[in-house]
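Notes follow the structure.
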Amino acid sequence: MKTWPAPTAPTPVRATVTVPGSKSQTNRALVLAALAAAQGRGASTISGALRSRDTELMLDALQTLGLRVDGVGSELTVSGRIEPGPGARVDCGLAGTVLRFVPPLAALGSVPVTFDGDQQARGRPIAPLLDALRELGVAVDGTGLPFRVRGNGSLAGGTVAIDASASSQFVSGLLLSAASFTDGLTVQHTGSSLPSAPHIAMTAAMLRQAGVDIDDSTPNRWQVRPGPVAARRWDIEPDLTNAVAFLSAAVVSGGTVRITGWPRVSVQPADHILAILRQLNAVVIHADSSLEVRGPTGYDGFDVDLRAVGELTPSVAALAALASPGSVSRLSGIAHLRGHETDRLAALSTEINRLGGTCRETPDGLVITATPLRPGIWRAYADHRMAMAGAIIGLRVAGVEVDDIAATTKTLPEFPRLWAEMVGPGQGWGYPQPRSGQRARRATGQGSGG
């Protein structure tokens, strides 16, 4: 496999970047659109949808279940019924949203559906969700990939207890389909911790937008009443988690990066993202439907609890590795990342140390002491976030090469081009020189890849 030479930024990065739609919001909208169609409420449209491997896997899954998805690029329409054909088989790839959102949907059908995925996906946690479906009366063969869901055309619902300590997607997957259960659903989280709670809040917010009656007023308990899921138009926000990699370029280079279309009010964890950037002395400015981040002249190590936003960990770890030499950063609340696309804690520790850094694992996180890094190969482990972290480190460390930049197709197929355009020509990529007088580069992703 050919390595990708990460562009360096010897001067402050100054760029405007347009990132495609949110993967998390796109795949939730697709599931809700499928449920509305299955209830006979009509077709839903999704505008600004992300087109990446994860969302293509979701589109394929819905079509496997018998639904119809029309449209090109980022404009999609979902219609039809849940009527899987004989031998229906869903490929989850490495997509946690497909792995955990689609089985409850398949349980509403009347034909067995087999689920499988990439070899690496077979280590991702799924047993608590399958056990919950069994508790609700669904016949499920298997305890992990591959497994089979044997629906009988309806699902009574009721009350279920589940330990979602390994993934908040267990809760979201149940809640998304719950309004179509005969008696609705009450979900009680029984674990000691709940990672990525903002993503459950996103699920609840989108359910309300679809007219679903959901009560999440009691901590660790959610109740969805049976009823209609409205067909509607879904407008997808830019993917703010993907945007963090680009904003990190402003932080590590002391430059200025503007993200277009940044929402004033978001179903994504925008407040958590901005709080971390400010903790690193970045200046954050909302203006003209965009977000501008001005990086500091330098920053020291930092302590941050990433329990709510574990997806940011690789980017934040890269920032920690590039802090003032000798300063220490402590990243906590992220033990659950050991069950993500790869064991992200082990992967980050290994790769930072291989480049001469100092990183060690703790029971629930990482401790990183910033030390001068050297050139070398940064391994992505087929993980999109790991690949992006390598790109961030490469901004400051000449000679870093990412072994699998194609891993970014999972959520941002155009990442290499957007990154190169942001950093600018002459840094290892043959892009045209900016026009005379052009002050800031613009990198635009249309989300049509994958």
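Yeah, the Cβs are placed from backbone N, Cα and C, and that goes for glycine too.
Summarising the annotation, Swiss-Prot assigns active site, proton acceptor to E311 and lists sequence analysis as the type of evidence. The phosphoenolpyruvate binding site feature in Swiss-Prot is assigned to K23, G96, R124, Q169, R344, R385, K410. For S24, R28, S167, S168, Q169, S196, E311, H340, the entry in Swiss-Prot reads 3-phosphoshikimate binding site. Residues or ranges marked as region 'Disordered' in Swiss-Prot: 426-450.
Overlay of Swiss-Prot feature records on the structure.
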residue	record	DSSP class
K23	phosphoenolpyruvate binding site	helix
R124	phosphoenolpyruvate binding site	coil
S168	3-phosphoshikimate binding site	coil
S196	3-phosphoshikimate binding site	coil
H340	3-phosphoshikimate binding site	coil
R385	phosphoenolpyruvate binding site	helix
K410	phosphoenolpyruvate binding site	helix
Spatial neighbours of R124 (phosphoenolpyruvate binding site) that are distant in sequence (at least 6 apart) but have CB under 8 A: L94, G96, L99, L145, G339, H340, E341
Candidates R28, S196, E311, namely the recorded positions, that fall within 10 Å of Q169 (phosphoenolpyruvate binding site) by Cα distance: S196
Rounded Cα separation (Å) that holds between R344 (phosphoenolpyruvate binding site) and E311 (active site, proton acceptor): 10
Top Cα neighbour of K410 (phosphoenolpyruvate binding site) in the set of binding-site residues R28, S167, S168, S196: R28
Residue pair the residue listed as 'active site, proton acceptor', S196 (3-phosphoshikimate binding site) - Cα distance, angstrom, rounded: 8
Around the Cβ of R344 (phosphoenolpyruvate binding site), the count of other Cβ atoms that are within 10 Å: 25
Among R385, K410, the most crowded of the binding-site residues [Cβ within 10 Å]: R385
Distance [Cα-Cα, Å, rounded] between R385 (phosphoenolpyruvate binding site) and S24 (3-phosphoshikimate binding site): 14
Densest Cβ neighbourhood among S24, S167, Q169, S196 (binding-site residues), 10 Å radius: S24
Cα-to-Cα gap, K23 (phosphoenolpyruvate binding site) vs S167 (3-phosphoshikimate binding site), nearest whole Å: 16
Number of other Cβ atoms within 10 Å of the Cβ of H340 (3-phosphoshikimate binding site) across all protein chains: 26
Other C-beta atoms that fall within 10 angstroms of the C-beta of K23 (phosphoenolpyruvate binding site): 26
Span of K23, G96, R124, Q169, R344, R385, K410 around phosphoenolpyruvate - largest C-alpha separation, Å: 19
